[in-house]
Amino acid sequence: MKKLTIGLIGNPNSGKTTLFNQLTGSRQRVGNWAGVTVERKEGQFSTTDHQVTLVDLPGTYSLTTISSQTSLDEQIACHYILSGDADLLINVVDASNLERNLYLTLQLLELGIPCIVALNMLDIAEKQNIRIEIDALSARLGCPVIPLVSTRGRGIEALKLAIDRYKANENVELVHYAQPLLNEADSLAKVMPSDIPLKQRRWLGLQMLEGDIYSRAYAGEASQHLDAALARLRNEMDDPALHIADARYQCIAAICDVVSNTLTAEPSRFTTAVDKIVLNRFLGLPIFLFVMYLMFLLAINIGGALQPLFDVGSVALFVHGIQWIGYTLHFPDWLTIFLAQGLGGGINTVLPLVPQIGMMYLFLSFLEDSGYMARAAFVMDRLMQALGLPGKSFVPLIVGFGCNVPSVMGARTLDAPRERLMTIMMAPFMSCGARLAIFAVFAAAFFGQNGALAVFSLYMLGIVMAVLTGLMLKYTIMRGEATPFVMELPVYHVPHVKSLIIQTWQRLKGFVLRAGKVIIIVSIFLSAFNSFSLSGKIVDNINDSALASVSRVITPVFKPIGVHEDNWQATVGLFTGAMAKEVVVGTLNTLYTAENIQDEEFNPAEFNLGEELFSAVDETWQSLKDTFSLSVLMNPIEASKGDGEMGTGAMGVMDQKFGSAAAAYSYLIFVLLYVPCISVMGAIARESSRGWMGFSILWGLNIAYSLATLFYQVASYSQHPTYSLVCILAVILFNIVVIGLLRRARSRVDVELLATRKSVSSCCAASTTGDCH
């Protein structure tokens with residue numbers, strides 16, 4: 001079979017991701033585009049004659065990049081197309097928005113690269129009474145047009161057949177440009193590198209005349225002739241860029257008049273009716289909060305019901321199983337405990353997180369694919385405008401509920417560097433999936449019937465602190481107003497099950513692999529330090545270990561937030577949590593259960609793997625049957641407790657160490673708000689600078705320590721009023737000083753704001769091949 005590389009390109013919300021998942025299934029690889037942190041997805045699939053590598057290009061409305069501060073997606077797509085890596089392009093077009101989508105199609109066809117138009121979302125178009133003549137559209141464009149409903153898999157085989165039959169596009173003159181434009185484009189094309197095909201050189205010439213900055217990286221000497229060409233054009237027309245765009249839109253209008261009835265189409269009645277409620281100025285925000293709470297409730301509820309299978313099953317396989325092997329093969333006791341506690345305990349920490357995190361990713365994917373997340377950004381626009389940000393900046397923040405890394409990376413979609421930086425600074429306060437795992441464990445241990453409310457309050461606190469951080473930045477070091485907010489609201493539709501499963505699997509796999517490696521390594525590391533004293537001797541009691549000795553020195557720093565000196569394990573959890581938040585659970589699980597593992601007598605003769613696995617399945621089945629009972633629906637945290645008795649195991653020890661629900665909640669406030677994990681810190685440094693990364697870390701630590709201290713000292717004021725009053729006043733005074741210093745630093749920071757990161761275009765301008773990407 002012949003190998004073929006295909007680029008998949010289309011407008012946002014055109015169904016491109018769904019089509020990608022339909023074609024490639026689970027045969028996908030996710031990475032980054034070279035030199036940038038924008039995600040790159042590749043997949044494999046086969047047709048009758050070809051083995052295809054499909055490259056999913058970023059969603060974009062056009063290939064024209066007007067500003068160096070914006071449109072990174074356009075630059076990536078343009079670079080890939082001009083690189084010649086793709087043998088063929090598949091342009092996904094939304095049939096219900098044909099006129100808007102065809103602008104990108106015309107740009108692709110003008111390049112002369114073989115192209116297939118995948119006319120998607122025909123089911124939505126039909127509901128709006130839109131009729132499109134497929135053959136007529138194909139004839140006008142000069143390339144194959146394949147009708148598709150990717151959510152149902154309709155047209156996939158026809159698309160594969162078209163891929164096998166692909167050939168060069170017919171030489172059809174689509175756009176009629178004014179003759180002066182063509183003359184100047186041809187004159188620029190003549191001085192471009194001769195190894196670029198003639199059609200592409202002419203296209204680059206038009207792009208340069210339109211004001212595209214990225215095409216200059218390919219133009220060679222032609223970029224030196226651009227100013228003269230524009231000067232000659234301005235003697236004959238007011239705005240060359242406007243004339244180029246107008247010629248394309250006239251062509252699109254002529255095509256649509258012939259092949260469709262889009263002018264008489266009816267908007268989706270269902271979408272219109274739902275939007276009257278969801279986008280209502282009074283109901284929109286409460287509905288958004290309810291949807292977020294429902295997503296969290298279902299994730300905890302269903303995930304908690306599935307948890308025994310992963311928890312009890314992993315204990316049987318990786319903890320008791322390792323102990324059985326150790327005793328059977330006569331390993332030294334310390335080695336058996338080390339392996340069971342370190343390796344087995346690490347795996348046992350990761351696997352029970354899978355159900356709840358997986359459910360969270362599933363529901364997030366559902367909300368994104370259904371079209372609701374775009375509405376959430378619209379609803380939040382008024383609040384974001386008060387911060388000096390567009391509503392569009394709330395979209396990356398919502399993504400932060402899954403993981404803060406793509407949330408930080410998503411800030412690239414914002415136009416101004418000020419807006420981008422403010423969003424990056426706010427993103428770490430959004431409660432990610434890893435924090436959910438910590439909250440669920442503490443809620444089950446301390447808050448009982450109020451567990452769901454406690455966790456929801458932490459999610460809301462994260463949003464509130466992100467908003468307050470935005471306000472602080474607006475009135476201190478990042479003054480300014482938001483750019484106008486224009487956003488497309490896609491039609492509501494039921495997401496495709498296969499696409500949802502694939503998206504959830506990709507996110508969950510990334511989480512497990514990333515978290516698993518860190519947790520297991522940290523668990524082994526902690527087990528080693530937990531087994532030896534500072535003098536190198538093996539200890540029988542973890543309170544005499546090297547880890548305990550070092551941690552006790554640091555723990556008094558956290559006394560104001562309710563962490564007492566004998567609870568040194570909680571201090572270790574905070575330090576390891578800086579690597580990855582999910583490691584906090586692993587650390588506490590390893591340390592709080594260490595004494596139990598050391599004291600526990602394991603009898604290999606009584607170990608029965610089959611019985612323990614059957615017990616895990618049976619417990620999961622009972623949990624699933626009880627999941628949707630009224631009592632569990634009212635208190636989903638109870639469903640996540642699994643089989644852990646409060647008197648024994650990690651939860652029981654943790655309950656004794658913290659001593660009160662107030663101390664536990666204060667600890668959770670600190671975990672929510674303090675330094676982001678290493679991955680997020682790296683993303684912040686990459687998207688802004690190391691200086692801004694440092695600012696984010698210091699600001700997060702200040703907010704976390706201040707709020708946790710205020711909460712705990714107010715909650716426990718009656719126990720030690722003098723100490724509490726001193727702590728409260730110290731926190732307030734310190735933050736007044738910090739805000740004052742930030743206001744004084746405003747003028748200097750504003751001047752340096754534009755220099756926070758090297759612009760992509762400047763990087764490209766230094767290379768005629770666009771090597772920066």
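Heads up, the Cβ atoms here are built off N, Cα and C, so glycines get one too.
Range annotated as transmembrane segment by Swiss-Prot, chosen from 98-118, 245-265, 518-538: 518-538. In the three-state DSSP assignment, the secondary structure recorded for L122 (GTP binding site) is helix. Among the recorded stretches 282-302, 453-473, 664-684, the one sharing the largest number of Cβ pairs closer than 8 Å with the transmembrane segment (344-366) is 282-302.
Close to G15 (GTP 1 binding site), meaning Cα to Cα within 10 A, are the following binding-site residues out of D56, L57, M121, L122, D123, T151: M121, T151. Between the transmembrane segment (282-302) and the listed ranges 309-329, 383-403, 453-473, 664-684, 722-742, the one holding the most Cβ pairs under 8 Å is 453-473. In this structure, the CA atom of D56 (GTP 3 binding site) is 12 Å away from the CA atom of N11 (GTP 1 binding site). Between the transmembrane segment (383-403) and the transmembrane segment (453-473) there are at least 3 Cβ pairs closer than 8 Å, counting only pairs 6 or more residues apart in sequence, which means the two stretches are in contact.
Counting every protein chain shown, 23 other Cβ atoms lie within 10 Å of the Cβ of P58 (GTP 3 binding site). The binding-site residues listed here (N11, K16, T17, P58, G59) include K16 as those with a Cα within 10 A of the Cα of N120 (GTP binding site). T151 (GTP binding site) carries neither a helix nor a strand DSSP state and counts as coil.
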